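Below is one structure, written out as structure tokens, with a few remarks after it.
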């Protein structure tokens with residue numbers, strides 16, 4: 001039985017688009033919630049500029065029906081339910097629009113998240129003032145891989161946190177060595193897919209992390225199912241099909257194999273990595289490295305059940 005040892009703790013994760021919460025932090029968020037922490041995912045856009053995997057909903061993209069954002073709301077709702085966490089959109093669903101990749105014409109839209117200015121900071125500050133989180137999770141200054149919305153999420157999170165007393169801020173990161181090793185262990189790539197090259201991996205990963213969170217079978221399974229809920233964006237090469245993507249793909253490796261719409265095969269690793277951005281971490285003990293909330297005092301009179 002999983003101990004309810006985190007009752008009384010509050011966590012806020014600030015993510016740019018639906019699916020980021022599952023891909024980068026899904027296992028950690030599930031474990032925190034399973035152990036009693038109150039976890040809120042704040043999503044900043046609907047991911048309207050994304051591509052679509054699967055023929056049935058291919059015309060939802062921004063260059064045709066421009067209905068992808070609403071569809072992704074449903075995907076996110078399902079993913080958050082699987083992870084057992086709460087969710088809300090910054091400013092309400094649709095207030096800020098996906099800005100697209102660097103250089104995209106989508107930047108010109110006044111609602112693009114890159115143009116969110118002080119309003120986004122004020123909105124997130126209001127959320128943090130209500131939630132009073134012990135821990136806030138977001139991305140590093142480069143957004144993890146350079147996406148403008150991820151960078152903006154970093155900016156507003158740190159700006160808002162400066163107004164509110166947040167004991168610890170962590171950046172979700174990909175460990176370059178572990179990811180590269182997982183890619184090397186992929187022995188079968190589905191037709192039409194390919195393996196990422198060294199430059200791609202280097203852009204996605206870091207050489208140093210402060211926390212490595214091991215995911216047990218339950219947390220890894222929840223992460224996988226939460227990712228699978230984002231079926232317009234994520235494709236698992238395990239033979240599974242869905243109403244969104246009725247085409248099966250088969251891959252093989254030491255870890256489950258998945259891809260985004262770029263069809264670059266990636267391993268689903270059983271660890272999630274973080275860098276410390278603010279606050280302090282306790283020293284590792286004989287049982288291993290510290291957890292995400294270790295060393296943060298619990299609020300008085302809470303968590304005693």
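Here the Cβ of each residue, glycine as well, is placed from N, Cα and C on the backbone.
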Identity of the Zn(2+)-site residue among 107, 134, 150 (reference: 17, 20, source: TrEMBL): 150
Those residues of the chain, 6+ apart, with a Cβ under 8 Å from that of residue 20 (Zn(2+) binding site): 43, 150
Residue 17 (Zn(2+) binding site): tally of other CB atoms within 10 A of its CB: 27
Number of Cβ atoms other than its own within 10 Å, given for residue 150 (Zn(2+) binding site): 26
